[in-house]
Amino acid sequence: MKNSAALSIAGAGTLWGLIGLFVNILAAKGFAPLQIATLRVTTAMLLTALIIWRTDIRQFFIRPKDWWMFFGNGVIGLVFFNWCYFNAIAGGSLAIAALLLYTAPVFVMLMSVFLFHEKLTKEKIVALIITFIGCGCITGAFAGNLSVSRETFLYGLASGFGYALYSIFGKPATKKYSALTVSLWCFIFATAFTLPLSGLAAKTPLFSDAVVWGGILGIGLVSCVFPNILYMWGLQQLEAGHAAILATIEPVVAAIVSYLFLGESFTWQKVLGIILILSAVPILNREAGKQK
């Protein structure tokens, strides 16, 4: 079960790694960061509701007293993370935005110690350090040629904190509800918060473009519905800190996708970064084996 959960988290990270493709498509068509985030969560909400309706309608329902978990997961976590991350990308520094996003495992581990009484083991610390260095190699942060504004830096750091809160609020929800239920209500709260603020009505002419719809389906289904369900299912089986580190396979996929489809270079530093990030997985699996 632990291995299946780890694969599920890694699968989520893999699909999240494709998000840059769809963000670039929609941004090129004229959508702002908040509008892209809104399209993502709204599409995900509708598609997840359709899946539940076709499989088990009982998964629609939650207890009213648990609303705070889904508000935190959807608004404080998902919406805040998306908005900050897309703004960091729009600031012109995709590399530093991606690196700062992966401060999330640090936040998750520290908060999980106090909130969920998870142990901060030496294996986790080693895996975290290796992963962060790997992210730095992939993004080019250690090459010494990155420059970023204070605003972009703060957006990037805040996206990491928001990403962490997504896991922190999701963990208690997964103890009570299925991955589908958690994902649906996360998207419902996220949509309810972003849609009135998005200004999407002004972009109505853009929806006649088939490329836009391709980007919307990609960012909503491929990079939101599927990975969210996989991540929440994995989070049911694993500690939040463990899951957050495993999900850092995302920049590995992003680096490969950028090379294959966006014409970015594939340097030895990126190869080293990929090796470092992947090497964190067996370290965490060894730690999980000790806990059995």
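Keep in mind that glycine also has a Cβ here, set from the backbone N, Cα and C atoms.
Automatic prediction, not curation, is the source of TrEMBL annotations.
Pulled from TrEMBL, these are the features on record:
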DOMAIN    5-138  domain 'EamA'
TRANSMEM  37-55  transmembrane segment
TRANSMEM  67-88  transmembrane segment
TRANSMEM  94-116  transmembrane segment
TRANSMEM  125-146  transmembrane segment
TRANSMEM  152-170  transmembrane segment
DOMAIN    154-284  domain 'EamA'
TRANSMEM  177-198  transmembrane segment
TRANSMEM  210-231  transmembrane segment
TRANSMEM  243-262  transmembrane segment
TRANSMEM  268-285  transmembrane segment
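Averaged over the domain 'EamA' (5-138), the predicted model reaches a pLDDT of 87. Scored by C-beta pairs under 8 angstroms, the transmembrane segment (152-170) has its highest count with 67-88, from the stretches 67-88, 177-198, 210-231, 268-285.
Under DSSP, residues within the domain 'EamA' (5-138) fall into helix, strand and coil as 113 helix, 0 strand, 21 coil. Within the same chain, the transmembrane segment (177-198) packs against the transmembrane segment (210-231): three or more Cβ pairs sit under 8 Å, each pair at least 6 residues apart. Within its own chain, the transmembrane segment (210-231) has Cβ neighbours under 8 Å at 8-9, 11-16, 18-19, 21-23, 25-26, 29, 36, 39-44, 47-48, 51, 170, 179-180, 183, 186-187, 243, 247, counting only residues six or more beyond its boundaries.
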